[in-house]
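Student: Pasting a structure below so you can have a look.
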Amino acid sequence: MARLGFQRQGTQLDLASRTWSCAALFSLLFLPVFSKALHVSQPAVVLASSRGVASFVCEYASSHKATEVRVTVLRQANSQMTEVCAMTYTVENELTFIDDSTCTGISHGNKVNLTIQGLSAMDTGLYICKVELMYPPPYYVGMGNGTQIYVIEPEPCPDSDFLLWILAAISSGLFFYSFLITAVSLSKMLKKRSPLTTGVYVKMPPTEPECEKQFQPYFIPIN
């Protein structure tokens with residue numbers, strides 16, 4: 001009886017393993033079909049702003065009406081995929097669904113506007129949008145071709161003290177130049193006036209012309 005019971009237990013384990021193998025085979029066969037049934041599109045190239053912020057739209061198309069969707073942003077570098085951020089949201093609530101310091105997102109129907117913050121020049125690479133239709137079944141998954149995000153490092157701002165020194169030097173130069181021009185102009189005006197007058201007033205006695213003669217009146221008496 002003990003041997004019979006062992007055979008029955010072995011038979012049950014064998015049946016369970018076969019069932020699990022069939023389920024795994026079924027998922028492997030139909031997963032590519034589910035992936036092809038969900039098409040994900042995203043822009044090819046995006047240039048990040050000077051503050052390290054990049055935004056792009058991840059849009060998916062599927063005949064399956066899902067109410068629960070999961071969106072994941074992956075970064076591909078050297079043939080390796082790294083998860084940047086991910087969040088599951090419901091389609092009915094078209095609100096901000098990713099609350100993270102790195103990523104934010106707003107869903108609107110089958111479109112998701114993703115924004116990645118805090119990027120630097122080292123973060124330049126291919127960012128792939130992965131969409132999963134979680135509920136109701138069946139499960140669908142799709143990945144976009146990727147968005148190449150270029151991050152240009154902003155030029156460092158010059159030192160404010162250095163700018164103040166430059167401004168002070170320019171102001172001093174202009175002041176000295178204007179002072180020099182004024183001094184030269186005044187000296188030229190004084191030189192022009194010096195031959196005409198000495199600048200000292202002297203009272204001179206009146207002079208009589210030499211040609212003027214004095215005539216004495218002559219009276220003729222009449223008897």
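Note: Cβ is positioned from N, Cα and C throughout, glycine not excepted.
Values in this document were obtained by computation on a predicted structure and should not be read as measured data.
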Student: Identify the region 'Homodimerization' range according to Swiss-Prot, selecting from 12-17, 114-119, 150-155, 216-221.
Tutor: 150-155
Student: Could you tell me which of the ranges 21-25, 46-50, 56-60, 81-85 is annotated in Swiss-Prot as region 'Homodimerization'?
Tutor: 46-50
Student: Find the average pLDDT over the region 'Homodimerization' (46-50) in the predicted model and report it.
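Tutor: That stretch averages a pLDDT of 93.
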Student: Quick one: DSSP breakdown of the domain 'Ig-like V-type' (36-145) into helix, strand and coil?
Tutor: 5 helix, 66 strand, 39 coil
